Amino acid sequence: MSELVAGPHTRAPLSLPTLMRQVLLAAAPATAFGVWLYGWPALNLLLITLVTVLVAEAACLRAAGRPVRSGLGDSSALVAGWILAMSLPPWAPWWIGVIGGLLAVVLGKGVFGGTGQNLFNPAMVARVALLIAFPVEMTRWVEPAPLGSAVAPGFLESLGITFTGTADWDAVTGATTLDATRTAVTEGQSIETALPEAYQPALALLGYAPGSLAEGSALLLALGGVYLIYRRVIAWEIPAVMLATLAVLATVFHTLDPTRYADAGVHILAGSTLLAAFFIATDPTTSPTTTVGRAVFAAGCAVIVWVVRTYGGYPEATAFAVLLMNAFTPLIDHWIRPRVYGRTRLGAPLSTDREGP
């Protein structure tokens with residue numbers, strides 16, 4: 001008679017709330033730097049977005065008949081709102097944060113059934129929808145105005161910027177590095193002549209340049225990503241393959257024609273490349289489950305980013321790239337499957353014959 005034994009199982013070392021809080025902890029330094037760099041309006045936008053996602057998540061949980069306290073306690077909505085706020089223009093009006101927060105929770109999560117059921121990254125769903133619906137507000141980049149500096153708006157002035165839009169935009173806005181490269185290509189100019197004014201590697205590494213609220217500091221984002229890998233919150237394959245693929249593509253084409261194609265440093269340090277590689281594309285719900293699948297997913301993201309930045313109508317492409325590859329995740333998981341316990345990688349059952357003593 002066969003002996004009944006329990007099936008093999010294991011328990012994850014980190015719970016969902018713990019994982020989400022680790023992500024928030026890793027994103028906090030880059031976010032704090034962005035708030036310092038762009039002043040009170042950036043903090044206003046961050047808080048508005050976070051409050052909106054929490055209220056929207058509570059409403060969705062109540063409508064679905066699920067416990068509100070435990071649903072909010074997993075911090076998944078907070079992470080979605082935080083990542084969304086990091087990717088928004090720092091002086092965007094209050095309603096951008098409200099609409100974006102609602103889209104992230106309702107359209108990005110709620111319609112799919114809630115946490116763990118969504119096909120697309122909620123923050124990027126909101127960001128792309130906002131970019132399509134409100135292109136002016138979503139592409140208005142301000143020059144750095146650090147807190148405490150002579151050019152920084154005071155607290156009361158920041159309320160006017162956030163809630164009434166009373167800012168002299170021509171005096172405070174500037175072009176991002178990717179905007180400058182895109183404009184140069186469109187006007188038939190050489191990228192090599194346009195970049196020195198818009199791109200300085202040292203400043204790009206620190207994040208002292210026009211851009212989204214917390215996408216600029218390459219150094220802090222990379223440190224946060226390394227921390228998440230060390231804590232085993234994210235898999236290393238996605239950021240490693242995504243950054244390597246993008247660097248190889250950029251290097252090859254820049255070598256062929258440096259006047260037409262930006263180099264790897266521009267593609268890696270400018271825009272939201274590092275934010276996407278470490279904090280967005282690594283979302284376990286919307287990325288493949290296998291090591292090979294994650295590598296394919298990351299390479300696809302990198303190729304789309306490079307193609308759209310180089311030939312497309314948008315200078316920044318990470319949100320589009322992540323959403324497109326999110327759509328391919330079920331197909332990747334279908335064709336690239338993990339080995340089933342008790343079977344070979346080809347699917348044949350493992351032999352159960354045992355040699356006698």
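Each residue, glycine too, has its Cβ placed from N, Cα and C.
Keep in mind it's a predicted model, so treat the numbers as computed, not measured.
Look at Swiss-Prot and you will find THR176 tagged as FMN phosphoryl threonine, backed by sequence analysis. Among the features that Swiss-Prot reports, transmembrane segment is placed at 35-55, 88-108, 119-139, 209-229, 233-253, 261-281, 295-315, 316-336, with the record citing sequence analysis.
In terms of C-beta pairs under 8 Å, the stretch of 35-55, 295-315, 316-336 lying closest in packing to the transmembrane segment (209-229) is 35-55. Ranked by number of Cβ pairs under 8 Å to the transmembrane segment (316-336), the listed stretches 35-55, 88-108, 119-139, 233-253, 261-281 are led by 119-139. Around the Cβ of THR176 (FMN phosphoryl threonine), 22 further Cβ atoms fall within 10 Å across all displayed protein chains.
Scored by C-beta pairs under 8 angstroms, the transmembrane segment (119-139) has its highest count with 88-108, from the stretches 35-55, 88-108, 233-253, 261-281, 295-315. Of the Cβ pairs linking the transmembrane segment (233-253) with the transmembrane segment (35-55) and spaced 6 or more residues apart, fewer than 3 are under 8 Å, so the two regions do not touch.
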